[in-house]
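Report on the following structure.
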Amino acid sequence: MLDHTRAPELNLDLDLDVSNSPKGSMKGNNFKEQDLCPPLPMQGLGKGDKREEQALGPEPSEPRQPTEEEEALIEFHRSYRELFQFFCNNTTIHGAIRLVCSKHNRMKTAFWAVLWLCTFGMMYWQFALLFEEYFSYPVSLNINLNSDKLVFPAVTVCTLNPYRYTEIKEDLEELDRITEQTLFDLYKYNSSYTRQAGGRRRSTRDLRGALPHPLQRLRTPPPPNPARSARSASSSVRDNNPQVDRKDWKIGFQLCNQNKSDCFYQTYSSGVDAVREWYRFHYINILSRLPDTSPALEEEALGSFIFTCRFNQAPCNQANYSQFHHPMYGNCYTFNNKNNSNLWMSSMPGVNNGLSLTLRTEQNDFIPLLSTVTGARVMVHGQDEPAFMDDGGFNVRPGVETSISMRKEALDSLGGNYGDCTENGSDVPVKNLYPSKYTQQVCIHSCFQENMIKKCGCAYIFYPKPKGVEFCDYLKQSSWGYCYYKLQAAFSLDSLGCFSKCRKPCSVTNYKLSAGYSRWPSVKSQDWIFEMLSLQNNYTINNKRNGVAKLNIFFKELNYKTNSESPSVTMVSLLSNLGSQWSLWFGSSVLSVVEMAELIFDLLVITLIMLLHRFRSRYWSPGRGARGAREVASTPASSFPSRFCPHPTSPPPSLPQQGTTPPLALTAPPPAYATLGPSASPLDSAVPGSSACAPAMAL
């Protein structure tokens, strides 16, 4: 009778006769590691011994397969090999099946593996090119030619005669006298004032000394000597009466900072340019003394400058124009601006279907030292755009009929990632000081004015100013001229960042102008034309040919071009190109991409599980020695790793319980010890809980 209480100490290698082979036995291999699990009671013999089957009872049943309820919710493959084999057998990607079907031919397997990897590389290289093109945000320019009625643009015409205001008339006359005296001192030029004033005028030094920053003739210093590198910017040598040598002198005036620690000369090689800039500098100071509310102009209304005005063969009226004053270009009149109740529309092209003006261009000699051009200044612009006469205007010549033909062009650009433009200027870090919509020129002038106010403490008179800020005047800000010319030099070099801050608008409308000139009026017709103009306007034209000019502005054609940008590569086209490349190299669909994603996910999960098992086997496995024995004794059987084959606990088989059938006794002859070995016994399949040793990987 077997002693079941000693079973855990047995370490016998059994050799059971499980076959009818001539040798009658099968030997197992010796175990290299002692089994820590106690053996279960024997419930039967091996299937190979028929005699013992009949003696011991019926054959044990086959191991029960797990049902769906007992299977894990999510199962993964046991190894990478099994995963890749399953993928190659079931994927819809062309060529993958060849890796499995040709596994018995290593050369074919290697060939298809290399070909498959090269195909993947080529495809993803094409993918990289497609993504690079998409994220470069290219645009396509679409050109559309449209034909329709067109809104006539706004037209601004200026007299080119800066006007003398009543409030500053005496100051301007004093400036004229000082300028003429300066010309006499520097060039011995006798103007009408110097010839008529005679002894009534003050002495030269008294008259010029009353005005700061006098105009001087400066001798150009020699080239700088390295031994004298610490010369200041005001190193030009002043000489009131040097010998005139064009290679050795310049004309200019000195400007200094607040504490006179830094000075420089604003010089010009041309005396005409120097006199005009010097006069302009003092003229700006005088204009700054005007009140904020513009005074009434002494000049007569529109009829004193514009003899005739017609649009589409209909006469103009006072509601068709607005008036403002420009410091350099005099009185200006804007036709068809945004304040016009009914904007002019052009339904036909040609000179007879546009704006026709007859202008008076006689020079009234208001400020001859400031205005040296005769004629008129004209600019074509949008209704909601200010007229920057310095930037976009052109001059009309007296005695000439100037015909300006226009072509409208519209440009719609893409902003955001596709281009550096702004929709309405709200995202531009510059405050719009003009009562108009955003344009790039509006932003640039506003940016300069902001820097002028910030660094010089006053506003430049040519640009609008915010409330609470005064225009620059050297009687209040003595060093504003020094600050202004320094700032102007930095502005020209874009050191202020105005050109980079002020982005172009996304929607721009331009008018392409073409000019034609002809003599007007002709010799045969000038007598009656001048006579009619004089009678009509109650004004006698003294210098007939230089006293009038004709201006025609019209659309050359009603066809206008619209240039619009659109993305060259959209998300739809990108996906289409990616799908085309995928189909080209693998002949697959979107579901194949999902299969690839599933493969990558399975690889990551299997790797994570294997790392977790390695971590647990390294840090949580039972130790060796007495400490390990205690840990094993105190560890529940269910917590052992699968290699320890834990079995469910049951009462000792040596003590049968009442009401139950005692276990069968082992009546087989004892095994031959010469054939002892760790032969796998079929009894293990009938042992409850033996499925815990299965290597399946499940969650």
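Using N, Cα and C of the backbone, Cβ positions are placed for all residues, glycine too.
Keep in mind that what you see is a predicted model, and the values were worked out from it rather than measured.
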**Item:** Cysteine from CYS37, CYS309, CYS316, CYS332 that Swiss-Prot links to CYS158 by a disulfide bond
**Value:** CYS332
**Item:** From CYS443, CYS483, CYS506: disulfide-bonded residues whose CA lies within 10 A of CYS256 (disulfide bond)
**Value:** CYS483
**Complete:** The most crowded of the disulfide-bonded residues CYS158, CYS263, CYS456, CYS458, judged by neighbouring Cβ atoms within 10 Å of its own Cβ, is CYS158
**Pairwise Cα distance for CYS498 (disulfide bond)/CYS456 (disulfide bond) [Å, integer]** = 17
**Message:** Spatial neighbours of CYS447 (disulfide bond) among the disulfide-bonded residues CYS309, CYS421, CYS458, CYS502, defined as Cα within 10 A: which are they?
**Reply:** CYS502
**Fill in**
If you count the other CB atoms within 10 A of the CB of CYS472 (disulfide bond), including all protein chains displayed, you should get 23
